[in-house]
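The following features are taken from TrEMBL:
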- B:Thr43, B:Ser44, B:Val166: FAD binding site (BINDING)
- B:Tyr223, B:Arg278: D-dopa binding site (BINDING)
- B:5-324: domain 'FAD dependent oxidoreductase' (DOMAIN)
- B:1-19: signal peptide (SIGNAL)
Amino acid sequence: MRVAVIGAGVIGLSSALCIHEQFHGLVPSLELEVYADHFTPHTTSDGAAGLWQPYLSDHGNLQETLWNKETFDYLLGHLHSPAAEEMGLFLISGYNLFTEPVPDPSWKNIVLGFRNLTPKELELFPGYSYGWFNTALMLEGRSYLPWLTNRLTQRGVKFFHKKVESFQELFSQGVDVVLNCSGMRAGDLQPDPELQPGRGQIIKVLAPWVKHFIITHDLKSGIYKSPYIIPGSEFTVLGGIYQHGNWSEENSAKDHKSIWDSCCRLLPALQKAKIVGEWSGLRPARPSVRLERESIRLGNLQAEVIHNYGHGGFGITIHWGCAMAAARLFGNILQEKKQLASPPGPRL
Amino acid sequence: MASPKVAVVGAGVIGLSTALCITETCPSCSVTVLSDQFSPNTTSDVAAGMLIPHTYPDTPIHRQKQWFKETFTYLFAISNSAEASEAGIHLVSGWQVFKSAPKEELPFWSDIVLGFRPMSEAELQKFPQHQFGQAFTTLKCDCPPYLLWLEKRLKATGTQMYTRKVADLWELHSEYDVVVNCAGMGAHQLVGDKQLFPVRGQVLKVHAPWVKHFIRDGDGLTYIYPGIHRVTLGGTREKGSWSLSPDPGTTRDIFDRCCSLEPSLRGAQDIEVKVGLRPSRQCVRVQREVLSQGAVKLPVVHNYGHGAGGFSVHRGTANEAAHLVGECISALQGSSSRAKL
């Protein structure tokens, strides 16, 4: 049973690990391969700050809220393990700021210690009259992806540095199941007009005195269009750009100025911070995550694709819940092919 | 008296902040700081600088609260300004956890720090050996940056600073009109205060930049305080010990205790060990005194004995001491005009 995962960002690697952990013992013939044109540190996941926080509203998408919760609980369970530092996992607290009262988010009971801000705390943020404080998690891609890669390598998973041009290409090589975790490039494999880039740009600075995340919200503009500051283990990320439909991965001077000015207004001490980098990336945005099976007829064969893409700006936040859902779909495929109950049969 | 000459003995957080307050309340004063040690070699440099007050048994609570409030307000404003990183002042959130319910549910300072509340059950899961906890956000003064920033502010006012070991306050009577004693532990010898005793503290300063929260055991012995570049792990409270030498057994013990509160510290790098003697007293001595030999008088203002709570109340006591200096100067000016009659 050959399974090919397309994509080596947080979604591809975690789905691969989840499937291998659950099924390698049950399916002795299971061979897992990861194909990608970009590996860490050049994936979209590497550029993300790594803060676990869903969008403000789940738009009634309870499934995604559940996947977010599963991810948070899974990560929280790993917090005290010796692997935590290697994974880039740690607790972080901080502020969400608004210019008007807003309803509590779907994730208020998932995070720790969620509460409204007191008037004295709001004095820190002139211009904002309402806000939340909570403790959440950081999972830094630059550490988590190598950690996932190591776990997969230990398990005998093979990696191939190539751009897959079509699902057909893999099936004709004898792959039985494809996991499509191609993120922003999913449209190259199968057109999907609902998948659009949500371009972001960030400035990396040295500001080690900042111990909290600070995320501002402008309800009229939309998510991530208002300044945010997220302190990591090595540097602090300044951001506040979300441009729907913009495919450019070049840093823009105009966006740089917008991020810098707005973040320095939010935290005046940042004016003294040293800039150590800048990055632009494309959030693979979709009205909802595409996580579903697709059976493709190829001659007299039935090939299976599990799609797992379109996680927008919350990939790290939702990744493990989605990986487990993808693993469940894989389990269904195995059932149907009677691979689970019976010994390895002749290959299709 | 055109330009009263004031000497401040001591250049730790108390000496420097008191000197600064004097320049603010008495702009005509000429202030000089004299100390045998300056940053990074003061007791203050060893301290983590967390604004979590120590309770002095013999100082009225309302006075301690006033000192803390003034200090918190002062530092809060700096933390919110462009100078925050230079001054080493930053906000930090975290938890104080207890193995058994604390005597007082609400410490006197709970409404001064930010967002004080009991920890939820979910939060307490992180501390399996502890049954009860408090979550809040407070301020931290990193040293040396804070002391260097105070020195810079002082220099800007024209304050001179000299390395000099003062053996006896009286030796200053011919050069200065008022002497302010902020000698900390040095006051034991300098003024022979037998009520002042050291409480030895050993700490580790480690590189663990993923630690973003403070964690403190309510017993005060084990704590993790993340600073700008290093995390302070503590500690000990050895009453009566004068030893400034780090003890290796204590180092291992502190490290183990902190790792049991925060397991990820096992990966901490670059462990530096430091020792400081908390200049402890049943109450902080903020008081006027007049030394005299024959007809010669020397007004003295004492501001020492802050023990474990120096940073938490420094600005409040500095304000009070500066006010007392003002009283000394008025008294001198009064008596000098009387002398002219």
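The first residue you see is number 1, and the count goes up from there.
Each residue, glycine too, has its Cβ placed from N, Cα and C.
Distribution of TrEMBL features across the structure.
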| residue | record | Cβ within 10 Å |
| --- | --- | --- |
| B:Thr43 | FAD binding site | 25 |
| B:Ser44 | FAD binding site | 30 |
| B:Val166 | FAD binding site | 19 |
| B:Tyr223 | D-dopa binding site | 24 |
| B:Arg278 | D-dopa binding site | 26 |
Among B:Thr43, B:Ser44, B:Val166, which the record lists as binding FAD, the farthest-apart pair of C-alpha atoms sits at a distance in angstrom of 19
For B:Val166 (FAD binding site) and B:Tyr223 (D-dopa binding site), the CA-to-CA distance in whole Å is 35
Mapped onto three states, the DSSP assignment of B:Ser44 (FAD binding site) reads helix
Across the domain 'FAD dependent oxidoreductase' (B:5-324), the model's average pLDDT, rounded to a whole number, is 97
Rounded Cα distance, in Å, between B:Tyr223 (D-dopa binding site) and B:Ser44 (FAD binding site) is 17
Whole-number Å distance separating the Cα atoms of B:Thr43 (FAD binding site) and B:Arg278 (D-dopa binding site) is 7
Cα of B:Arg278 (D-dopa binding site) to Cα of B:Ser44 (FAD binding site), in Å and rounded, measures 9
